[in-house]
Structure formats: structure tokens, C-alpha cells
Amino acid sequence: MSKIPVLEIFGPTIQGEGMVVGQKTMFIRTAGCDYSCAWCDSAFTWDGSAKDQIRQMTPEDIWDELVAIGGENFSHVTISGGNPALLKNIEFLLSILKENGMRTAIETQGSKWQDWLLQIDEITISPKPPSSTMKTDFQRLDAIIQKLAGKDISLKVVVFDDHDFEYAVKMHERYPKVPFFLQVGNDDTKTVDDAMLIKKLLDKYEWLIDKAVNCKEMNDAKVLPQLHALVWGNKRGV
């Protein structure tokens, strides 16, 4: 059976972002991404800085480690990255998770399609705004969202500035029937000064709330902070 490149397995913790914010979950963080966002808070998944930490693991190995770490204290697993949608062989892992009664979630930027996405319970698609310096392939994104029709999906846009907010408005208008989340961006992913970081993030959150409540196009949007950053700062593995 083919192996999966894994950088981290951790939890139980709570999901800090998007449609399942606050959900108690275990995390599987895979290596590799087809993007290189300017402000990426998990650049170690693709920039080579953590290449010595990558483990090639079978789905059985991953499940065994989830249980070893989480015991009986979880029923939800989040697959994160990087971009886990780069990997073709996640379906075997999903089968094991389902056999053991797990609900599953994933976040991907909507740049790659895999048939196994249809097996995921909660799918967050997070297209990257202008501040990321990445370009959205809307034709590909259209196709992916169409294939996921009827699934429990959402769109999430991280917002750093006015240009990002304008991008978010256009995204929401393009897919008005897909639940939509605005989220504060963290542009200081290296600091260990948690008090300073929390103040910055809360100031940004207040700014984003003000933008949203004064924009009629965002009447149905939900505005979120980065919950995990407010609790743990930039700490990994939480």
C-alpha cells in the first residue's frame, strides 16, 4: 500500500478556523503544497525547512499513531497541509477512519481535484487572496465546487487588507449558495510575543468585522478570528 508523507500528527485539540471552528479534533498534517503564499503560517510543509521531519506512513501507521496519541478522546480527524489534495492515495486512510467511526474534515485551496474528496464529511475550500501573491484558477475552482455539489462544503477567505476583502466579495458573489467565512490573517507567524500577537489579531478582527457589517454583499457571511492563534500564539502542534 502506498505511503503518505506526514509532517505532524497531533491532538486532541480544537479546530481554530473555518466551518468547524471550535470542533474537537485530531490533526494529520501532510507535506507538500502547490502554492507558496507570502504569509503562509505552515510554510514548513513546502519550503524544505522541515524535510527531515517528513515520515512516509501507511494508513494503518497513521491510525495507530492517532490512537496512541488521542486514545478514546476523539471522534473527528482533520487532514491539513500544505495541500493534502495533492495526494492521490488518501482514500485508503479515509476508509480506515470511517471504519473506526471517525468524522473527517479537510482544508484545501481548490487548486487540485481528487475523487476521494467526495468521502470527506466537511470540506473547507480556501482560495488565496491577492496578498498571498498566488493566482486563483477560477475555471478549475468552478469545476471543483460543481463536483462537490450536495456535500457539506464552505468557502473561507483569509483577509489581510482592502484588496483581499474585495476579492472575498467577488468570491462570495460568484458562489452565493456556498456557506462563506471571512477570517483574519496572521502576518506575524514568527513572533513568540503572544500578548503582542493577540492584540494585533484582535485589532484586525475588529477591522474585519467593521468591513463586513458595512458591506451588504456580506450579509450572509460569518466573520471569524484565528481562534488557535488567540489561544496558543504561533505554537506548532496544537
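Glycine is no exception: its Cβ is also placed from the backbone N, Cα and C atoms.
The structure displayed is predicted, hence computed values, not measured ones.
Taken from Swiss-Prot as is:
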type    : residues                : note
BINDING : I14, Q15, G16, R29, S80 : substrate binding site
BINDING : C33, C37, C40           : [4Fe-4S] cluster binding site
BINDING : S42                     : Mg(2+) binding site
BINDING : G82, S126, P127, K128   : S-adenosyl-L-methionine binding site
DOMAIN  : 20-234                  : domain 'Radical SAM core'
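Structural mapping of features recorded in Swiss-Prot.
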residue	record	DSSP class
G16	substrate binding site	coil
C33	[4Fe-4S] cluster binding site	coil
C40	[4Fe-4S] cluster binding site	coil
S80	substrate binding site	strand
S126	S-adenosyl-L-methionine binding site	coil
Have a look at the binding-site residues (G16, G82, P127) and report the one with the fewest Cβ neighbours inside 10 Å. G16
Would you please pick out, from the binding-site residues I14, C33, C37, C40, the one with the fewest other Cβ atoms within 10 Å of its Cβ? I14
Excluding I14, Q15, G16, R29, S80, which residues of the same chain place their Cβ within 8 Å of the centroid of the Cβ atoms of the recorded substrate site? T13, E17, T25, F27, T78, H228
Within 8 Å of the Cβ centroid of the [4Fe-4S] cluster site residues C33, C37, C40, which other residues of the same chain have their Cβ? Y35, S36, S42, A43, T45, W46, G82, K128, S132, M134
When you rank Q15, G82, S126, P127 by Cα distance to C33 ([4Fe-4S] cluster binding site), which of the binding-site residues ends up on top as the closest? G82
Inter-residue C-alpha distance, R29 (substrate binding site) and G82 (S-adenosyl-L-methionine binding site) (nearest angstrom): 7
Among the binding-site residues listed as C37, G82, K128, the Cα nearest the Cα of I14 (substrate binding site) belongs to G82
Most crowded position, judged by CB atoms within 10 A, among Q15, S42, S126 as binding-site residues: Q15
Those binding-site residues of G16, S80, P127 having Cα within 10 angstroms of C37 ([4Fe-4S] cluster binding site): none
Neighbouring binding-site residues, C-alpha within 10 angstroms of S42 (Mg(2+) binding site) - of Q15, G16, G82, S126, P127, K128: G82
Using a 10 Å cut-off, grab the number of neighbouring Cβ atoms around the Cβ of K128 (S-adenosyl-L-methionine binding site), all chains included. 22
